[in-house]
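Colleague: Relevant sequence annotations retrieved from Swiss-Prot are reproduced here:
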type    : residues            : note
BINDING : T82, D84, E97, Q116 : Mg(2+) binding site
SITE    : K99                 : site 'Transition state stabilizer'
Amino acid sequence: MVNYPHKLKAKSSINRPVPGIVNFANRGMSFEKMINESNSYYLSRGLAVIHKKPTPIQIVKVDYPHRSRAKIVEAYFRQASTTDYSGVYKGHYIDFEAKETRQKKSMPMKNFHSHQIEHMEAVLEQKGICFVLLHFSSLRETYLLPASYLIEFYKIDKGGKSMPLTYIQEHGYPIEMQQLPSIPYLEIIEQKLLGGIINE
């Protein structure tokens, strides 16, 4: 069982199906898997080096039901997580979070936490490229929203209200899902945030 720093225990997900997994183009691929696949594609083509950040966990208790098998039964998050992904593209530091919802009209802001917002602000302070990838699974729509607009909306009431899809459409950029890369977000960064054309 994994516990958060404030000692609240997270529900165990061992041997339970993960809810909310969405099929894309009948391939049974989750949003996170599509992002990871896209990052692998960019890396293999020498376009960018972007990886999912590991979550630092402190193991507290391990059971050994068999001599050759160990089972972690209790652990704690060492620190609060920041964002999901980071890396470098053409000398620019890239940092982003990915969120998914089945709602059709808004993105729940409860999915974002104050320490993540503070981290994004710090990245922007250092002139890094920071954003969120927002996926509406019921609509099969994905958007890249610059972190500055997420931060602005979050500060209205500390993330108490959901972000309307209309706000995301007004300030963000739609991403058309495709074969490879599945989520071509680098094209948006290049064309909208850097003003150039990506060379593949």
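The backbone N, Cα and C atoms fix where each Cβ goes, and this holds for glycine too.
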Colleague: Name the residue among the binding-site residues D84, E97 whose Cβ has the smallest number of other Cβ atoms within 10 Å.
Modeller: D84
Colleague: Which one of these binding-site residues, T82, Q116, has the sparsest Cβ neighbourhood, judged by other Cβ atoms within 10 angstroms?
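Modeller: Output over binding-site residues T82, Q116: least Cβ neighbours within 10 Å is T82.
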Colleague: Using DSSP and collapsing to three states, where does T82 (Mg(2+) binding site) fall: helix, strand or coil?
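Modeller: Going by the DSSP assignment, T82 (Mg(2+) binding site) belongs to neither helix nor strand, so it counts as coil.
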Colleague: Show, in sequence order, which residues other than T82, D84, E97, Q116 on the same chain lie with their Cβ within 8 Å of the centre of the Cβ atoms of the Mg(2+) site.
Modeller: K53, S81, T83, Y85, D95, F96, H119, M120
Colleague: Roughly how many Å lie between the Cα atoms of D84 (Mg(2+) binding site) and K99 (site 'Transition state stabilizer'), rounded to a whole value?
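Modeller: It is 9 Å, counting Cα to Cα.
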Colleague: Given Q116 (Mg(2+) binding site) and K99 (site 'Transition state stabilizer'), what distance in Å do their CA atoms have, once rounded to a whole number?
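Modeller: One finds 13 Å between the Cα atoms of these residues.
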Colleague: For K99 (site 'Transition state stabilizer'), what residues in its own chain, 6 or more apart in sequence, show a Cβ-Cβ distance under 8 Å?
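Modeller: The list for K99 (site 'Transition state stabilizer') reads M107, N111, F112, V132, L133, L134, H135, given in order along the sequence.
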